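S.K.: Structure in structure tokens, see below.
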Amino acid sequence: MALLRALCARNILPSVFRAQTQSLGIGIGMVGGLFTHYSRSLHTFSLPDLPYDYSALEPYISGEIMHLHHLKHHQGYVTNYNKALEQLHDAIAKGDSAAVAKLHSAINFNGGGHINHSIFWKNLASVHEGGGEPPKGSLGWAIDEHFGSYGALVQKINTEAAALQGSGWVWLGLDKEANKLVVETTANQDPLVTKGPTLVPLLGIDVWEHAYYLQYKNARPDYLKNIWKIINWKYANEIYEQECP
Ligand SMILES: [Fe+2]
């Protein structure tokens, strides 16, 4: 617990980890100069349904990939996240700082995996449901202003995603503080917020091989070229307008 307190006080504990101690109902605070904590019930996470059928994104992403990606990969992150959070709950209750510290990476990885995939599913839509239609509304204007054109944004994201070493994500985000759009990449399952606390994800593209390998093999650029045909810009615009009214 001393370690947890020190990490919080020095703002070292990643935001995902801090958020999870809150969702676990574990409060951390200083009262009268004393460090106090309290525990409520354990919150668990569940796999969200996809907003479309597994085959809805064909021919650009096969039903087989979507099935495995959702039911095996995303479910795996959720299961391991819940397991790690339960262990964290127990470790904190026992005051076992070493066990708390040890759980840090599992919580970041699996929690990030759950957060990122939950966004990713909403960022996609079948062609019949408007997938691939270029961004309209305020976000369309903002893209033109920040990147020159929609085509320039696509090129920038594809270039950064193709250059990403190993597994990770490429993002279009809104920096709420600077009031500007940004393109960022994150490694592994790090969420966009790890690149800056004021960044809000509008669009996240999964660049892990499990997202495309069964269909595209090692041709990541082909996957990136085709994914624009099923991007749900309506959803990204809704988030942008909520955050930037
Ligand atoms: Fe994935």
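Just so it is clear, glycine is given a Cβ too, placed from its N, Cα and C backbone atoms.
Whatever TrEMBL says is automated annotation, not expert-curated.
Copied straight from TrEMBL:
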type: DOMAIN; residues: 44-125; note: domain 'Manganese/iron superoxide dismutase N-terminal'
type: BINDING; residues: His69, His117, Asp206, His210; note: Mn(2+) binding site
type: DOMAIN; residues: 135-238; note: domain 'Manganese/iron superoxide dismutase C-terminal'
S.K.: Taking the recorded Mn(2+) site as His69, His117, Asp206, His210, identify the other residues of that chain whose CB atom sits within 8 Å of the mean position of the site's CB atoms, giving them in sequence order.
M.R.: His70, His73, His74, Phe120, Trp208, Ala211
S.K.: What are the DSSP helix, strand and coil residue counts for the domain 'Manganese/iron superoxide dismutase C-terminal' (135-238)?
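M.R.: Reading the DSSP string over the domain 'Manganese/iron superoxide dismutase C-terminal' (135-238) gives 53 helix, 25 strand, 26 coil.
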S.K.: List every residue in the same chain as His117 (Mn(2+) binding site), at least 6 positions away in sequence, whose Cβ is under 8 Å from its Cβ.
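M.R.: For His117 (Mn(2+) binding site), the qualifying residues are His69, His70, His73, His74, Tyr77, Asp206.
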S.K.: Mind checking which of His69, His210 has the fewest other CB atoms within 10 A of its CB? They're the binding-site residues.
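M.R.: Counting other Cβ atoms within 10 Å of each of the binding-site residues His69, His210 gives the minimum at His210.
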S.K.: With every protein chain in view, how many other Cβ atoms are within 10 Å of the Cβ of Asp206 (Mn(2+) binding site)?
M.R.: 26
S.K.: Determine how many residues of the domain 'Manganese/iron superoxide dismutase N-terminal' (44-125) DSSP places in helix, in strand and in coil.
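M.R.: Secondary-structure composition of the domain 'Manganese/iron superoxide dismutase N-terminal' (44-125): 58 helix, 1 strand, 23 coil.
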